[in-house]
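Okay, so here's the structure we're looking at.
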Amino acid sequence: MTKKVAVLPGDGVGTEVTKGAVAVLKAIGERFDHQFEFTYGLIGGAAIDEAGTPLPESTIETCKQADAVLLGSVGGPKWDRNPSHLRPEKGLLAIRKELDLYANLRPVTFYDSLADASPLKKEYIEGVDFIIVRELTGGLYFGKPSERRTEGNKETVVDTLFYKRTEIERIIRQAFDTAVNRRKKVTSVDKANVLESSRVWREVAEEVAKDYPDVELEHMLVDSAAMQLIRNPKYFDVVVTENMFGDILSDEASMLTGSLGMLPSASLTADGPSLYEPVHGSAPDIAGQNKANPIAAILSAAMLLRHSFGLEKEAAVIEQAVESVLHAGHRTADLADGNHYLGTDKMVEAITAVIANDSAISSIMTAYS
């Protein structure tokens, strides 16, 4: 198989973790005789510095000509005082719109070997395995108008929460399609006691549920969902919600694993290249120090293989390799208890070594033979 992957390292640790993810994809290519061609583009602060815009046209074209996109991270204090249209995050929002990346999937998985890294007791998180399906191209982040105004001598501000019914339907349908292959339960999260958009959200969820009689649907207010994620995270299977709620809840859920550095994500489109990125930010405080955890980016590469290329076995091998190195006690700085930890590069080397080891991945190879 020959596929093109557009790589957008971005800012901060993004350059380091995408380098690790590319190394793992190359190891998979060698192991399974696939050819992955990598092209690179600018986004975020790096693009502002070099091209004067957070998302150059050349980057858009690079992405559209690829079969999938691998992103690092964007942002940093260097650009915090820039005008709104020259903020690094605008590049991320723009690429989502350009590629119509409407569905963001964020799996949250418990690793037994990382139980001590979680702020919750093991009995609360053991067995946690759920996925947040977040709508990604509507809501407050994209609604217009979004501006400051002067009315008389007073400054006012306005943001707009805007959704089309079709946008709500397609993300909820994505959640049900995901649940069919899991434990067949969808928790739809909203604020229907206050927001009209959430009341429409509930109506659409009920309509879509009729097409999936084997999948259970429940509604939950976002404040209750935020509480349940900590109180009883094993309760959830598939959580579907609008853009801002999903942004907040998925970051909250990330701490169940002990570190943002463990959580991958996929941003899917119905037609064209989908985008894969770690949930964590650019972490400028550790950028360039070989301290970043590359696992979220590497697991994002596994999601890329699964969702964009249909390479389920290869994705499972990456996930097994990650689990193996964690079980062996290898940790990056964010997960380590003390001063003994692997640098970014050594963690990548440990994972690629497992991929190349026949005995280490024999169970996966047998399962898919």
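Keep in mind that glycine also has a Cβ here, set from the backbone N, Cα and C atoms.
Quick caveat, the model's predicted, so the values are computed rather than measured.
Features as listed in Swiss-Prot:
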BINDING   76-89, 281-293  NAD(+) binding site
BINDING   R96, R106, R134, D223  substrate binding site
BINDING   D223, D247, D251  Mg(2+) binding site
SITE      Y141  site 'Important for catalysis'
SITE      K191  site 'Important for catalysis'
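Within its own chain, R134 (substrate binding site) has A103, N104, L105, R106, I171, V240, T241, E242, N243, F245, G246, D247, S250 as residues 6 or more apart in sequence whose C-beta sits under 8 angstroms from its own.
Minimal Cβ crowding within 10 Å, among the binding-site residues G76, P88, is found at G76. R134 (substrate binding site) falls within a strand when secondary structure is assigned with DSSP. The most crowded of the binding-site residues listed here (D80, D247, D251) is D247, judged by how many other CB atoms sit within 10 Å of its own CB.
The two recorded residues, Y141 (site 'Important for catalysis') and R96 (substrate binding site), have Cα atoms 11 Å apart.
Candidates G76, P88, K191, A287 (recorded positions) were compared with D223 (substrate binding site); those inside 10 Å Cα-Cα are K191. Listed in sequence order, the residues V222, A226, M244, F245, G246, I248, L249, S250, E252 complete the 8 Å Cβ shell around the Mg(2+) site centroid, once D223, D247, D251 themselves are left out. For the recorded positions R96, R106, K191, K291, the largest tally of other C-beta atoms within 10 A is found at R106. Within 10 Å of its Cβ, the residue among the binding-site residues A283, A287 with the fewest other Cβ atoms is A287. Counting only the Cα atoms, the space from A287 (NAD(+) binding site) to K191 (site 'Important for catalysis') is about 38 angstrom.
Ranking the recorded positions G76, S84, P88, K191, A283 by the distance of their Cα atoms from the Cα of D251 (Mg(2+) binding site) places A283 first.
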